[in-house]
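Colleague: Pasting a structure below so you can have a look.
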Amino acid sequence: MIGAVGIAFSCTDLAAFREIFSKASNIAILTGAGVSAESGVPTFRGAGGYWRKWQAQELATPEAFSRNPSRVWEFYHYRREVMLTKTPNPAHLAIAECEERLGRQGRGVAVITQNIDELHRRAGSKNILEIHGSLFKTRCTSCGHEAANHNSPICAALAGKGAPDPDSKDAQIPVQDLPRCEQAGCSGLLRPAVVWFGEALDSDIIIRAEKVLDNCDLCLVVGTSSVVYPAAMFAPQVAARGVPVAEFNMEDTPATMCFKFHFHGPCGTTLPAALSPHASEKH
Ligand SMILES: [Zn+2]
């Protein structure tokens, strides 16, 4: 039956997607940088993507942190503070609303995101796996304790620091004044609980993501491509099971890479239409 659907409809047929969507009981939604970009969240990658003189791949590494924890904390402090000025966009909201609505019908929606900005959470999504961690979580470099942290500023010494312009000077904050662990008797240096370049993904989260993908009967890839990391770790195995995969992004996906459906454009425009209540839904 799945094969017949693939033959019968083109990759951009929204009505065909909606038909499958209306019957899906477990939907996995992989989201990437494009969803955050539509809320104006900077990535510090690619053309113009600089904080001071650096791009993310030069600061978001364990080596950069051990060389200069003050500078790396300034970078993350800036990113946390920027998020106070950003809000979820219609794509985040459509995903959250869909989870809530389908939940009432006994159907499941799970978000697997590479984004670290918590905009899915703020939009109201509950079932979220953050495979690259969160800007608003810390991990102790001594005891390993992880904790949610939404303080602004995260510590007194970082107040007013982290200016992004290239002429800004390093604050050179003494390491004892950077964020420290509050577990009894620890006070180790905290780091952002995000996956840095060169670090492995949390195996626990990967196992949970794979379980979601093994159980899904529809997979959406939103604001990224199913052929690039990290969605490429997941989407092809879903497609290989014969499960429909629908991409919503700005990329030009080569025809040979077409995963059943591709909807081109800003996901804040394409996704609300795709996930709105279907005529067949019982409310
Ligand atoms: Zn600790």
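Cβ atoms here come from the backbone N, Cα and C positions, even for glycine.
Note that the structure is predicted; figures quoted are calculated from it, not measured.
Pulled these from TrEMBL:
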- HIS132: active site, proton acceptor (ACT_SITE)
- 32-51, 114-117, 223-225, 249-251, CYS267: NAD(+) binding site (BINDING)
- TYR76, ARG79: substrate binding site (BINDING)
- CYS140, CYS143, CYS181, CYS186: Zn(2+) binding site (BINDING)
- 7-283: domain 'Deacetylase sirtuin-type' (DOMAIN)
Colleague: Mean pLDDT across the domain 'Deacetylase sirtuin-type' (7-283), rounded to an integer, is what?
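Modeller: When the pLDDT values over the domain 'Deacetylase sirtuin-type' (7-283) are averaged, the result is 94.
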Colleague: GLN114 (NAD(+) binding site) has how many other Cβ neighbours within 10 Å of its own Cβ?
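Modeller: Around the Cβ of GLN114 (NAD(+) binding site), 21 other Cβ atoms lie within 10 Å.
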Colleague: Cβ atoms within 10 Å, counted per site: which of CYS143, CYS181, MET250 has the most, among these binding-site residues?
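Modeller: Output for this query is CYS181.
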Colleague: Report the same-chain neighbours of HIS132 (active site, proton acceptor): residues 6+ apart in sequence with Cβ closer than 8 Å to its Cβ, ordered by sequence.
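Modeller: Set apart from HIS132 (active site, proton acceptor) by at least 6 residues yet with Cβ under 8 Å, we have THR113, GLN114, ASN115, ILE116, VAL194, VAL195, LEU201, PRO230.
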Colleague: Of all the binding-site residues given, GLY32, GLY40, GLY48, GLY223, which residue's CB has the most CB neighbours within 10 A?
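Modeller: Answer by Cβ density within 10 Å: GLY223.
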Colleague: TYR76 (substrate binding site) has how many other Cβ neighbours within 10 Å of its own Cβ?
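Modeller: Taking all protein chains shown, TYR76 (substrate binding site) has 23 Cβ neighbours within 10 Å.
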Colleague: Check each residue in the chain of CYS186 (Zn(2+) binding site) that is at least six apart in sequence and keep those whose C-beta is under 8 Å from its C-beta; list them in sequence order.
Modeller: CYS140, SER142, CYS143, HIS145
Colleague: Out of GLY32, SER36, TYR76, HIS132, CYS140, CYS186, which recorded positions lie by ligand 1, with a C-beta less than 6 Å from some atom of it?
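Modeller: Result: CYS140, CYS186.
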Colleague: Spatially, and counting Cα to Cα, which of the binding-site residues is closest to GLY32 (NAD(+) binding site)? Options: TYR76, ARG79, CYS181.
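Modeller: Considering only the listed binding-site residues, the nearest one is ARG79.
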